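Only one structure is covered here, and it is reproduced in the block below.
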Amino acid sequence: MRVVYLVLVVAVIIAITEAKSVKKSKTRSPKHPRHRTLADDYKLNRISAKYCKDYDDSCKAFGKIAKKDKKSCFNNPDKARMACPVSCKLCDKKTFHKKSKLSDVVVVRAMCVDIEVDQCNPDVCYTNPDWATENCRKTCMLCKPDIRGPCDTDPRCPFWGQYGYCSTATYIDNHCPYNCDVYSYVPEAPQPYPLPIEPLYAYQPLPYPTAPPGVTPATLPPYYENAPQPTYAPGAQYPAATAAPAPSAPGATAAPAPSAPGATAAPAPSAPEATAAPAPSAPEATAAPAPSAPEATAAPAPAPEAAPSEPEAAPAPAPEMAPAPAPEMAPAPEAASAPAPEAAPAPEAASAPAPEAAPAPEAASAPAPEAASAPAPEAAPAPEAASAPAPEAAPAPEAAPSEQPMPGKKSKSKPSKRKGVKKSKSGHKRHH
């Protein structure tokens, strides 16, 4: 038993030692770095300026793709390093620096030439500033041509020097030693540079400089003909003063606003005056207000549903019109039995053509729907017409029973039938 126990212990020890040796061999084996994105190993992806070139025609479009897109430089590090290092901004800066007396000022001394002559143009100075300051110093006017001397480290230095911004900010004075020296005679700008000078992050495009209004730039040095400027307009994220004309627009609209209601109030009283004139006229006047009826249809549409005609006359005309129709409605007993109180002005219109008793029932049937559809405008002049023919109202009661036999008989026939029913009922009772 002891021998078996010792054999097991030895086997376990051997297994443990072999496992440790395997782990050591794995740790010593070299690991190949896996670059998922450019941000993971940004320092390892930097390429020296001598070999930093674009080898593909589609690199410009490839470098402008957004960072979140799967086809961007960040998500395709192999293509960015091998084919498009310039457009993806992977070029390394290796220049000779000499510190001046001020610890925060760095003066770059290098040969002022264009290393990549084919790719250097005015647009590159602003679209890819890091690469342009190393490979396109002459095109971007960052130093004196063909001489080793101080060089600017920002492509906007020529613009800042021409307009006198060198002494307005320490960043401009420190990063633009050449152009600030060339344009030292230019007076200081009245205001500091309005746009942001330093980018918020490494891949943020620089805002294109725009000349201030009313300021002329200084003349260029004799060895430069044209200043580097982009061929397209500046970015829209820095708009001009568009808020100035905005307050003037509401002021112009506010002025005609009060005039509009005044213009509508003027023709309002003129309309009832025109209707008051044809009211006392012959039945020809009924044909004249026919076109005016559709205009009033919009107002009296809710009137028959609301039943009372007095609330309609109260808000539209003056308060004097409210008591006028009240006495006319009281003596008319037929108005209560009639379907609507609007029938009150109907007998007044019929009182004028008294001799024409024969066509009276036809006229009563025709204007009945018209009076219901447009009573609002005719109700206003009703009291005025009644006040004028006051003496003629005396013969009116004689014509009333002759002209209105039909409506009167219909109203009286109902109680007469009821009496007959009672008699018949009483007669039946007697027979029983």
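Any Cβ shown, glycine's included, is placed from N, Cα and C.
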C140: disulphide-linked cysteine among C125, C151, C157 [source: Swiss-Prot]: C125
Candidates C143, C151, C166, C176 - disulfide partner of C157 as recorded in Swiss-Prot: C176
Entries of C52, C73, C125, C157, C176, C180 which, being disulfide-bonded residues, have CA atoms within 10 angstroms of C84 (disulfide bond): C52, C73
Which of C52, C88, C125, the listed disulfide-bonded residues, has fewest other Cβ atoms within 10 Å: C52
Cα-Cα distance linking C125 (disulfide bond) and C91 (disulfide bond), given in Å to the nearest integer: 15
Disulfide-bonded residues near C166 (disulfide bond), in sequence order, restricted to C59, C125, C157, C176 and a 10 Å Cα cut-off: C157, C176
